[in-house]
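Undergrad: Sharing a structure below in structure tokens format, with a few things to ask.
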Amino acid sequence: MAEAHQAVAFQFTVTPDGIDLHLCHEALRQVYLSGLHSWKKRFIRFKNGIMTGVYPGSPAGFMVVVVSYMSYNQYKQLDPSLGLIAKLGQHIPISQYMSTNSQSIVGGVLVGTGLWVTIIMIMRNVLKCLLSWHGWMQARHGSVSWSTHVWMILVKIFSGRKPMLYSFQNSLPRLPVPSIKDTCRRYLESVRPLMDDEQYERMKGLTEDFKKNLGPRLQWYLKLKSWWASNYVSDWWEEYIYLRGRAPIMVNSNYYAMDFLYVFPTSNQAARAGNTIHAIMLYRRKLDRAQIKPLMLLHTIPMCSAQYERMFNTSRVPGVDTDTIQHVNESKHIAVYHKGRFFKVWMFYDGRLLLPREIEQQMQRILADESEPLPGEERLAALTAGDRTPWAKARETYFSRGKNKQSLDAIEKAAFFVTLDDTEQGYDAKNPVKSLDRYAKSVLHGKCYDRWFDKSFNMIIFKNGTMGLNAEHSWADAPIIGHLWEHVLSMDPKLGYTEDDHCNGDPHPNLPGPQRLQWDIPAECQETIESSLTVARTLADDVDCHIFPFTEFGKGLIKKCRTSPDAFIQIALQLAHYRDKGKFCLTYEASMTRLFREGRTETVRSCTMEACAFQQHATHPREERLRLLKLAAEKHQNMYRLAMTGQGIDRHLFCLYVVSKYLGEDSPFLKEVLSEPWRLSTSQTPMQQLELFDLVRHPEYASSGGGFGPVADDGYGVSYIIVGENLINLHISSKYSSPETDSHRFGANIRQAMLDMLDLFQLNNKAK
């Protein structure tokens, strides 16, 4: 492309007199500014590393401690070095280089620094002990005991002032290893409603045998790991659940997020991309500078921030047996796909981040580019959508050298990936059901070759200005990308658009254009691409997505019933599933364990004896049914607390299974437990930054939330987001190929179950 020549820093020609060098001063200026930007970034990271490393100490605290110590010794006429200088003087001729006063000052500073470090370590360990107490979870919603009040005050005292994103990492407790006895007991309790008496007695026998024989031995190794590693689960979870999977990550692993439900800020695709990309880059800058506030429960209790580290400049790299996560510290460009072509777009010019109007200018250049895709280029990304092993082999054979490697590096080392989609998606009031279902499928898998599914996340901007996001799962869980997404959605109205639907500001007259990536894809590789595309299309075409906003009531009315909104929805899902299939099933609800260092998720087994009893007594008197409903909700809340505090069972059982494999031991109990299918997989997408959205004044800025594909071939995937006080958005997925499932039918059952449960509360209130 013509614009590429503007990036040439110098040219030279060979003459009889020697080499004639022609310098391009503008290019050299850009090199200087780029280097300056890099050094500033390194300094900020170094400074933040120091600040985080000494937290809850601070430079001001250091000065206070040292000056106070020196003043005290001066007043008392004491040796501030505590004899340290004198002892060193026996071996080193210090007096030859420093006067007595200098020795006293240096010794006092050294001892004062040691005192400061000691105070930091004491505060950090006291805070770790405080954060290991989880009694605050036992309080009923809306009430706080005096002991919790005192505890929260102590946590605030020992937490220091103005924490940065990673300040609490060294103060977070380690994830505890539950006892074998407790895990086995809770496991049997969770499967009791799903088994008849004969099946249960058989499983009980396997459990008792495991608990007495192999279990304690496996537990010893797990305890050893928990003492040595930061988290005994997370590295194995990432490797064996995500990276070693050989099936497509599209649909099976990646998840999605959707735009505003009712608001369409602009129909200009390039302008929406300009504001969105600029907002994301602003978020990355805050992330690099650790200026994002750590997420705090009850504004006091910190949660682990480790997963934020790989949000940008990250890609999953395929391997024959296992994938790896590739992360680079800095990336100054993004990769963009449009109509079968790939582009590299620089995000900085003149040493600064491009403004929204300038990014729009770059996107418009790509949209106006009428060049044809190179052979094999259009569907290249299908390699990331198909099975992992063929992609790994193709990557090694065809993309490890030359222009293919350079272009692949440009994608994999980009800050993130952008697709300028040539379809129109979004909520259509004339056809609300089909429009949202079609929108979800597009964000989840698209055409199977227009998303780079290996990137940490793909930003998708549709032709009509609507947008969506597709995220790879191995590097982090949904709340992390949800935090970014909330920032992006909240920034869009602030950045705004002009009357003629452009980003605010002016185009740049000298901005070099996007760089078209070049490929040389042989026929053999194109055959592999088509094979991967066939696999991906078969998977994508089988996904049945149904998204519906539940507007009849929200968490405001549920809380008036003195019930947890999450427990209410989970029990409704059990009721809906029973009506849908006539039976209960093993149910997965994701819960976070980020109260612990490097924590990720734990499973809440929502299908409990109490939830089943509520459905099975559907014909009983209203008072009895309401009592059973409250018992089921209380049981669910207790299980959620156990999962959050490291007392869940599934991650423990998973790690015991991994240890058994390392030892070469075969456990019938663990093998059966780990092979049980999750036919109902559920997750709540929490809103984390409520201060960014005024949904009372502007309810139209409600988020659609996001979702994921079905986990089991004959099961459902359900994601829900509680928006404000009066709206719950649900995302349901299943497979067309299963005769047992129908996402629309299940959605209707969920709606009716929630209405029936609310009626039960309201009828009881009227009776009173």
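Keep in mind that glycine also has a Cβ here, set from the backbone N, Cα and C atoms.
Annotation comment: TrEMBL describes HIS473 as active site, proton acceptor. Residues or ranges marked as domain 'Carnitine O-palmitoyltransferase N-terminal' in TrEMBL: 1-47. Summarising the annotation, TrEMBL assigns domain 'Choline/carnitine acyltransferase' to 175-752. The transmembrane segment annotation in TrEMBL covers 50-72, 105-127.
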Undergrad: Which sequence positions outside the transmembrane segment (50-72), separated from its termini by at least 6 residues, show Cβ-Cβ distances below 8 Å to it?
TA: 78, 80, 105, 108-109, 111-113, 115-117, 119-120, 123-124, 127, 158-161, 163-164, 166-171, 290
Undergrad: Taking only the residues in the domain 'Choline/carnitine acyltransferase' (175-752), give me the average pLDDT of this model.
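TA: Mean pLDDT for the domain 'Choline/carnitine acyltransferase' (175-752): 95.
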Undergrad: For HIS473 (active site, proton acceptor), which residues of its chain lie six or more apart in sequence with Cβ-Cβ distance below 8 Å?
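TA: HIS473 (active site, proton acceptor) has long-range Cβ partners TYR242, ILE249, SER253, ASN254, TYR255.
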